[in-house]
Amino acid sequence: MADPTPSPTGPEPTGSGSPPGALGRVTVATAIAAVSGYLVLLIAARALGPGGYAVFAVFWAAYGLVTGTQNGQLQETTRAIRAAGSPITGPTTTGTTTTSTGTGGRHPRARPLRVNLGIGVGLAVAVAVTAPLWSGAVFDAHRWLSVVLLACGVASFAVYAHLSGALSGTLSWGVFAVLLSVDALIRLAGAGLALALGWDTTAFLVITVIGSVSWMLLLLGSARARAVVNSPADVGTRTFTVQTLTAMAAAAASAVVVMGFPVLISLTSRAADDPDVVGAVILAITLTRAPLLVPLNSFQGVLISRFVAARHRLVASAALPLAAVTAIGVVGAGLAALVGPWLLRVVFGAGFRLDGTALALFTLGATALALLTITGAAALAVGAHRLYAIGWWCATVASVLLLLLPIAVTDRVALALICGPLIGIAVHLIALPRVPRHMDSQDPADGVA
């Protein structure tokens, strides 16, 4: 694999800017990831049929829920390494090893790689040990294979999340773009091969988790990735561990709202709800969220790095992405109202019928969720980990409560999609101005690196 960075051992720019074209490569990689994800689902549906696809989709969702929680590892690793001054450890031209610490080594600092490896192994063990309690209810077929793959997948994803965070924290956007692309293309290639060779559901279960091994290929092929993978954090081991777990708790709330929202709709459905309408609502939510949330999730490392660099003028730094997402969402809502009902019928069939108002409101709900993602990244960037988690959990709880209202399914879903995230945004924006910006301090007694 060719390394896209010009200097494998030297640091990329560590300011708020980025190398020319680097963020463009991240944008292209994000598009590749989004399109590849949809194609994998389409290929699986064609190859497996309704019964096999149902088995695959449940495992896909279960893996997404756990790895969605692990995005907290990526987020905190990005923040910690970026705040430490983008330290790079690597060989020089003389063969010696140099380290740039960014804080002068005043206190022992964590090595995020060690912490993230420990979290990954811990999650894998937790999946395996607790599987007898829940796996029978979740996996109707291939139960124990699903458990083994899930355990291995989350352990591998911990390293993937760490490397993504390390690359983001050191502004290594070119290599980060390669990592995103390779992860997506491995799954797509596997799905295409499975379709061509007539492989069954087992193959698609493996394909779900196999993309996360892209970190192995990158470490083998990229000197830049090897140089940054063991970068230190700005805090000690204990603080970094607690902050990572806090970020994961908030990411779990995000995963419930994003990946688990169809499950929440199903759980709160009533006998009076038309199953066809419920199905159309779930499909519409997926379609209206993807254009905003898929790219934004891939850009979280970019956002956190931006906010860390501008933490003393955070409001001004956040204003541009907030305004851009709002504008895109409003335009998208207008388009959804005008052409959405027609697209649903033409592309997915006459059975999928929703009016333009519902589709516009669902799009605004996706916009609110995207805005919450941005305010959450800002909170995380200034070290307000509890605020980050509280905002997300307030949004999640509010969404669940609104889904319980005794009104039509489209109305309560629209309220939950819009009002839940708005409550989380309000929590973040009210508290953020009061958060101290002292990001470089650390308790001397805080752990051992």
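Keep in mind that glycine also has a Cβ here, set from the backbone N, Cα and C atoms.
Some features that TrEMBL has for this protein:
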COMPBIAS  1-11  compositional bias 'Pro residues'
COMPBIAS  12-21  compositional bias 'Low complexity'
COMPBIAS  85-101  compositional bias 'Low complexity'
REGION    1-22  region 'Disordered'
REGION    83-108  region 'Disordered'
TRANSMEM  26-45  transmembrane segment
TRANSMEM  51-69  transmembrane segment
TRANSMEM  115-135  transmembrane segment
TRANSMEM  141-161  transmembrane segment
TRANSMEM  173-197  transmembrane segment
TRANSMEM  203-223  transmembrane segment
TRANSMEM  244-265  transmembrane segment
TRANSMEM  277-294  transmembrane segment
TRANSMEM  314-339  transmembrane segment
TRANSMEM  359-380  transmembrane segment
TRANSMEM  387-407  transmembrane segment
TRANSMEM  413-432  transmembrane segment
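The highest tally of CB pairs under 8 A with the transmembrane segment (359-380), across 26-45, 141-161, 277-294, 387-407, is held by 277-294. Taking pairs at least six residues apart, the transmembrane segment (244-265) and the transmembrane segment (277-294) share three or more Cβ pairs below 8 Å and count as touching.
Touching of the transmembrane segment (277-294) and the transmembrane segment (314-339) is concluded from the presence of at least three CB pairs under 8 A, sequence neighbours closer than 6 excluded. Tertiary proximity for the transmembrane segment (413-432) is limited to same-chain residues at least six positions away from its ends with a CB under 8 Å from its CB atoms, namely 257, 261, 265, 281, 285, 314-315, 358, 361-362, 364-366, 368-369, 371-372, 375-376, 378-379, 382, 384, 387-388, 390-392, 394-396, 398-400, 402-403, 405. Listed by sequence, the residues of this chain that lie at least six past the ends of the transmembrane segment (115-135) yet keep a Cβ under 8 A from its Cβ atoms are 66, 70, 73, 77, 143-144, 146-148, 150-152, 154-159, 161-162, 237, 240-241, 244-245, 248. Within its own chain, the transmembrane segment (141-161) is flanked in space by residues 55, 59, 62-63, 66-67, 70-71, 73-74, 77, 116-117, 119-121, 123-125, 127-128, 131, 135, 179, 183, 201-202, 205-206, 208-209, 212-215, which lie at least six positions past its ends and keep a Cβ under 8 Å from the stretch. Remote same-chain partners of the transmembrane segment (203-223), defined as residues 6 or more beyond its termini with a Cβ less than 8 Å from a stretch Cβ, comprise 1-3, 5, 8-9, 40, 44, 47-48, 52, 55-56, 59-60, 63, 67, 90, 142, 145-146, 149-150, 152-153, 156-157, 159-160, 163, 175, 178-179, 182-184, 186-187, 190-191, 194, 229. Counted as Cβ pairs under 8 Å, contacts with the transmembrane segment (26-45) are highest for 173-197 among 51-69, 173-197, 314-339.
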